Structure formats: structure tokens, C-alpha cells
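Notes to accompany the following structure.
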């Protein structure tokens, strides 16, 4: 077994302790859900908004992974696995390769609505899961993880795959007939950066693999630069090109 897959498989099995969520937690979920769902129509990619309903997310309750996973498995073969927080890139890509998306279960407080030092469940679940109901995007993420696993011993390869993930799955934009829309989870779960990313201040460029690979990123601030896809097919195409680029080194 590849080292990355061995590392992912060795992770301790954690559970979402749903009964431990308090009334305050449920209230925070409602606030976050309501304000994003008010903001995102006309800004989020259609496939994301469709995915919110497809996976059964509502304002009424924090998603229960015991209910989410059977739906996801039936649609695209993915499932959520509980992690204590940010995981190492080797673990992360190994999980993606197995169609297992790592998600934390802690939720921000009222005092943290607009600033977090690391992603919480609202980012991991509300931001990422709806796109996992899109077969093409779900396949891309699995293939991204598998490619990172295959090339994990190549110098600099994991950083390349991390940048591709960052500027697509986390902060990607896509053209629709009505205009530019958001599909990246880091944007979709951020009230402030939704508006910022589509506003006048940041730079937005047509997606290119080389542009992504040449662009460093910071995790604790709004991005200065976003890349917009013409269509989702560019994602698997970029992955193929990246694999060929690494093999030619």
C-alpha cells in the first residue's frame, strides 16, 4: 500500500457525538445557514445550491453524519469521516483517494461568526458536502487525492497538488451563462469573502494550471487572487496535465 494510503488508513476512528450539541450550537447553525442561503443565490454555482437540497441540509438542525453519509454514498460514493481538526496533507490526500472527506465536528460560537483560526464544521460540511453530490466534481476530488498519492515521493509534488486544491475546491470561481459564480468551499462558507471575491477589489483571472502553480497562498486572510473556470471539465484536464508535468521532471 502507498505510504499516504497507509497513513490515512491508520487514522483513529472518531464519531460525531451528535447528542453533545447544545441549543446554542443549533442556534449558531441556524444563523450561519440562514445568512449564507440568503446571500448565495445569484453568487454560488447552481450545482452547489442544488447540492444543498440534494444532501438534505436545512436550517432546522446541524447535519447528522449518520444521515448525511447514506445520502452521499448513494449519490457519488463519498462519505464523511470525522477528524479532530486540520490534518496533514498526506492524510488528507489519502482520504480523498478513498472518497472519504475529512470533517471536524466542532462548531464556532456566536463570538466567532466571522473569524476562525481554523475551519469548523460549517466550513467542512456546509461548504464542501453539497459539491460532493456533483458526480464530475466528486470524481475530480477522488482523482486529485489518488494522483497526490501516486506522486507523493516526487519532490515538490504535494505542494503542487495542494495549490491546485486550494484554488479550485476551496476558492474556485466558475463561469455560468448568468456570470461568474462561486464553487469553492472556503468562499461558500464565508459571509464576508463571498461578497469580496465577486467585488471590485481582488484580481480574478481565467483558470490556468500554470497560473495556479505559480501562485502562493495564505490561509488566514482573504485571497488577493481568484481563478475562474470556463467549465468543470477544466478540473480533470488540469489534473492530467499536472501528472504529466511531474512525470516529465
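Yeah, the Cβs are placed from backbone N, Cα and C, and that goes for glycine too.
Curation does not apply to TrEMBL; its annotations are automatic.
The domain 'Biopterin-dependent aromatic amino acid hydroxylase family profile' annotation in TrEMBL covers 1-249. As annotated by TrEMBL, Fe cation binding site applies to 123, 128, 170.
Distribution of TrEMBL features across the structure.
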residue : record                 : CB count, 10 Å
123     : Fe cation binding site : 21
128     : Fe cation binding site : 25
170     : Fe cation binding site : 21
Cβ-based neighbourhood (8 Å from the centroid) of the Fe cation site, residues 123, 128, 170 excluded: 119, 124, 127, 169, 184, 185, 186, 188, 189
